Every structure is written in C-alpha cells, then in structure tokens.
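Presented below is the structure to which this report refers.
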C-alpha cells in the first residue's frame, strides 16, 4: 500500500498542485462565455427583476427567503446596474443594461463549489486522488455549468451548501486544536454558511439536518472518549449550540430585518400581505392613510381574507360558465387592488340608512358590489372546484336581490353588539339561510375566472380560512384615524412573511407550457429544460456519463458496504485498514447527504423542476470519486505486483479520458448551440440524442 501511495504522489504531485489545477480548470470552464447569450435566459426574468426591485426599494412577494436576491441586487448595484431593465420575458435583449456584473457574481459563487468539493473530500479521506476524482466529476458536469452561469439563486445556494459541508467536515475531522482560534473560525464559518443557505432557499434546511447529524455523531464520540473529562463534552455542546444554532438564527433574522427595511416602497406583492403590513409601505393606499376606525352602514369597504397570502373579495362582470353551478356573476379573491374589490355594506331589510349607524357583530347585512350593483349571494349549488361547499355568486339588479343575499356578520372572539372596526376586527360572514360561512379555498380557478382563487360557502363554521378584515373603509360621516395606529412590529412582519412564503410554496403551480418533472426522472437525466430558445440555444442537461456513473457507484457503495459489514461480522477480518475506513465512512456520510437532498422531494405536493436535483448531485459525484479511489486501492490484492502499476494508471487514464471526452461532446449544451436541432439528421448534435426525451 505504501508503494501505491508513492505512485499517486509521483504521478500527480502534491495536493497543492492538484488543487491549483482544479482551480484553474474551474475558472476556465465556468467563466467562458459568461456574458452570452446577451438576452434574458430562463428564470433570470424573475431574479433579475427582483434585483431591480431591491435597487429601487420596491416591495414584492416571493416564495424564497431574501438573501440570494439581496446579494444579486447588491452585485448589480456595485457593478453599475441601475435597476431600470424590465426583465419581462426570456429572450429580451439586454441592450445597454449592465447585466454582466450580476452574472459574474453568481458564476463566481457557483464556481467555488468545485474547489470546496476538493477540500472537503481531501479532508474526509486524506486522499488527493479521491479529491481530484470528485472535483473533476463536478467540474466537467455541463449541467452544473449551465445552472451556475446565470442570474439565479441556484449558484448561491450551492455555494453556501458546499461551504456548510466543508466547515462541518473541517470541525469534525479536527483540522485544528480544539477551542483554538482556528477551530473557532471553522465553527463560526459553518454556522454562517448554514444561515446563508437557509436564507437563500428553504431547501437549505436539508443541509442543516445533515450538519446536525454530523455534529451529534461528533458529540457522541467526544462523550465516549474516556481520555477526556465529561466537562469537555459539555464545552463542545455549548460551543456548537452557540455557533450552529444561535448564530444562524440571529443571522437569519438579521437578513430579514435588512430585507424589510430596504423594501419600504409599495409594489405588486402588497396584496399578499395583511392590511397592517401594507400600511408600512410608502406609496401604498394604506400608507399614512386616514379612514374611519368604525364601519358604518353605507360605507364602501374592501374585505381581505386573513389566510396567509389571501386576496380581496372580488367580483367582475363575467358569469360562471355552464356546468359550474348557476350562471350568475363570478365571485373570487384577487391579490391585486382595483375597484372590483369594493363593496357597499347595507342593512339586510332597508335601503334608507340612519346616518353614522355602526355595524355590529351579529347584524344581518347585504354586501352590494359597487361596480356591478349585484349582491353577494349563495345558494344550494356546488362550488366550482370544492364540491362539498356551496357556490358564491353575485346576484340581483341595482342592489335588489332575494333572501339568499343576507349574511350575518360576526367578530371572532367578540360578543354580539361589539362594533365592527377596520383592519383589526377578524370577521366571519355566515349565510343566513344556508348556515354556511364565506371562505376561500386557496384553489386556483381556470382561465374563465382569470386564474383567480375560488370563493365558496362552507358548512364548517369553524373553517380556518373563513376570516376576513375590512381594509379600506370609505365613509365621510365618521371621523378618520391615521393608519399608524395599526402599525405592526418587526416580529409581526417577520412571522407574517414566513406564513405567506410557506403558503406560496405549497400552492406553486406550473405556468402554461412550462416543463415540470418528477423526482424519479432526475437521477437518470430523463429530460432537461431550455434556458434559452430560438437560434442560440442553451439546454440544462447533466453530463450523462457522469450522472449514470453516479447511479452505478451508489449501487456499488451499498453492495461494498454490505459485503464488508458481513465479512467483518463473520470474522474474515477484524477491522478495516485506516485509509479504507476513512473512505467508506466518507461515502456513508455523502450517501446520507444524497438521500436527504433527494428523497424528501418525493413527498412534496408542490410543482417540481429538474434543477431541484443538483444539490443531491454534488453528494453523489463526491461519493463516486471516493469510491473509485477505494476500488483502485484494491488493485494490489487483485493483480500481480508488476502489473498493478500499469493497470492502476490505465484505469485513471480511461477515467480522465471518458470524462473529458463526454464534456467535450456535451459542452455545446452549456455554451450555446446553433443550427438545426438534434432531431434533424444534419444537426451536429444529432448523434448525441441518446434518449428520446432530450429536446436539444
């Protein structure tokens, strides 16, 4: 074995030399053509637009935490982008917009994944060869190049994720004396990376779980070390609690504080948030607004649903189509503000109103839609989507309808007779005849209702989503109060932001014509997705040689691990050699990392895309590199000594040649393709369409 190690060092030089080669290749592959194409590609339309909003301090709604978008906005600001480009749709030319700085920033973070993978594997195995193999598998994957060259959250997420793993391994494998300054730096680095990872996307929680398991294993080993006092284990526990729990939580909260402080101007995402939240946004109709505190009969009001991300009670001149209950006027919820959200609150049995008479809990009311003069109505027809609920419609002419327009207004947690107030009072509207409660199901209606959300009447009077509040309250016969009295604290805004994000994540649906995928398709590289269409085509697809090899080596690892465990149990050998033990232990942790970043997606109900697999890919590629080195280590046992050297280097040569050649073949997917598509015989990519589902 010592001779074999000698082969490695003579053939590949020192670890530092290999690391330098990996870094140079990373720069060469990642920054090549980073400015091309010079138009908006794929989700740059979203994250470039959000960067603009940060620069302009315009509030918006997104399902992801803010750090990644803030960093993109900051990089754009520092490199001369002024926040004025529209980012309307993929294919729009950038023209004079300074987009390259944002691409370079994202590419730099994405590129850092490769050297960090080298350092991580080298630390776990003490094998420069395994580190080289692993980093090359990541380096020459064309899918990772594509995903990390654009204005996206993915390169930022992958950087912080790999940083978290590197830090955790550096601490776990005792690269520095315990509690020395260097040890503390690595522990703080790990906690910071964890905070950043979770602050970019919530899938960062998977790496938190992995680091948590590594930490628990470390603490257990420290506790079992009889050469150390128990107080050492307590000190380690406290250090990790501070750096890996308290520090990430504090940083995460700080990032949100900056986010909510910077975005202080009204934008198109206001309607997803509560009325009190909106009152803090400059330019919002509720900012520094004055209106009556109490709601009176005759007032024109808007009703906002209290569900996280809930919209305004809304109607328009269009009717429900045939087969969707009665062909009466549609009632929906809508997250944007317009005049179709306005309703006049009237007594149920009188057109003439007493001046300034306050609406109270328990009163019977009618709600007349101001724009169409039809009343809020329900009856024993099924709701369009939620068939267990009753349909809600607009009915009548010029405010005149029938008894099915009558609703009892109730304030949650208040006695009958309590005055209804704007913003703060949580209201229920119970249908007088059907004894059902006005609610929103959160389900998106089809195009005939402009994809707004369903409103229905539920027989469950405790429906959690049947709470509403009066937002606008227009009535000139009562004194006004300033909206500052409703101002929420930072903690209220922080918690509400998370409720809205979780609701938005759960309700994500694909856009028309959008290609989605399921988790079973990802590891086999079943189908990619276009980043750029038209003449200059970019197609996200993994290097199939690497991806399929990863699957083979995952299966090999399970077999090798099981066989070795049986052999050890049966007494064929007492223990693993130290190098083999380190490599199998590293493979076990990386296999667990792959599982944690892949298996949970099988249980998710939200829409999923191919790019969700790439965090798991990093773990499987590192596992493949280590296991390949482990198998090469066995050659002295399999071959005569004089042949070992030749076979060993031949295998390495084949590995490098295959990976390099596959990269050469599929590189146009990442760097741009011109000419006919692969379906046509005269295409340069025709022979590379190894699966019918590939669309390049």
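Count begins at 1; order follows the chain as displayed.
Even glycines carry a Cβ here, placed using N, Cα and C.
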Listed range which TrEMBL flags as transmembrane segment, given the options 567-585, 586-604: 586-604
Of 183-216, 285-318, the range TrEMBL labels transmembrane segment: 183-216
Per TrEMBL, the range holding transmembrane segment, considering 131-152, 153-174, 263-284: 131-152
Leading contact stretch, 12-32, 131-152, 183-216, 545-566, 586-604 vs the transmembrane segment (610-632) - CB distance under 8 Å: 131-152
Recorded stretches the transmembrane segment (586-604) and the transmembrane segment (131-152) touching, at least 3 CB pairs under 8 Å: no
Stretch with greatest number of CB pairs under 8 Å, the transmembrane segment (545-566) reference, 100-119, 131-152, 237-258 candidates: 131-152
